[in-house]
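Quick notes on the structure that follows.
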Amino acid sequence: MRSAQVYRWQIPMDAGVVLRDRRLKTRDGLYVCLREGEREGWGEISPLPGFSQETWEDAQSVLLAWVNNWLAGDCEIPQMPSVAFGVSCALAELAETLPQAANYRAAPLCNGDPDDLILKLADMPGEKVAKVKVGLYEAVRDGMVVNLLLEAIPDLHLRLDANRAWTPLKGQQFAKYVNPDYRHRIAFLEEPCKTRDDSRAFARETGIAIAWDESLREPDFAFVAEEGVRAVVIKPTLTGSLDKVREQVQAAHALGLTAVISSSIESSLGLTQLARIAAWLTPDTIPGLDTLDLMQAQQVRRWPGSPLPLVDVDALERLL
């Protein structure tokens, strides 16, 4: 006997969260809970404004239609990426095919005063990997901050993300202020320039490895080994079903590329599932999941060690 619930939710964000030049005041999304006999599976559907093609209203319509079909015996997963991801997670939990083991290590997202960051990063236990957003300020300033961090902490490796913010000139201005002796400790720089060709040229000219992120979701993207390309960053909420995520990870690994499972600012429920996916598909790589602190609450499932208050399922708006 099948049953299902769909919940709508909204979490207040910390002040200062800006995506693609727009302030994100709340994170809006949906949960689906599927039950069959004694088993239960949850999934999160939370399109990311400015990045997802669909809105959460679009996703809600598709999800509710899918749930009614599933209750009638149809299991075909929808095409809409955020719905496909959430539904496939719920089905995987229901079938007990999503392993419970999770990788809760996170590459901390660094912002704020560089001196404070140096103290925080120096005290990090184990492998020191951190992420810095670049491209929000002047490229010269970004280069100076990155250089300062790498100089101060000799065993630090940085993941940088420019979100295609730079022209080739801006990219060169950034690189000019990063000591060539430190550049090998930039694990990768995600999408430095507005076009893939300019990003490839940046990697060749600077010796700084790059990673593809937005490119993975473009229709003409193909997985090929390229000089200067070291990694791909996979955001399942923007990608689609678990099967599609696994296919992309396998394609990257076949080329010797690092695959990083990364957050699209999901709630704690979605983040804990991403931690499980990372442990399953990319066990040797620290995932990019350090986004919970951007929110003011957790929901349904806790992220281990987080002090944020937990909102129980009973407090959510039920749609079905």
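Backbone N, Cα and C atoms are what each Cβ position is placed from, and that goes for glycine too.
Within the same chain, the residues at least 6 positions away from LYS133 (active site, proton donor) whose Cβ sits under 8 Å from its Cβ are LEU109, ASN111, LEU160, ASP161, ASN163, listed in sequence order. Under the heading active site, proton donor, Swiss-Prot lists LYS133, citing sequence analysis as support.
Contacts of GLU190 (Mg(2+) binding site) defined by a Cβ separation under 8 A and a same-chain sequence distance of 6+ are given as ARG159, LEU160, ASP161, ALA162, ASN163, ILE210, ALA211, TRP212, ASP213, VAL233, in order along the sequence. According to Swiss-Prot, the Mg(2+) binding site annotation covers ASP161, GLU190, ASP213.
The feature active site, proton acceptor is assigned by Swiss-Prot to LYS235. Taking a C-beta cut-off of under 8 Å and a sequence gap of six or more, LYS235 (active site, proton acceptor) has these contacts in its own chain: LEU48, PHE51, ASP213, SER262, SER263, SER264.
Within 8 Å of the centroid of the Cβ atoms of ASP161, GLU190, ASP213, where the record puts Mg(2+), the same chain has further Cβ atoms from ARG159, LEU160, ALA162, ASN163, LEU189, GLU191, ALA211, GLU214, VAL233.
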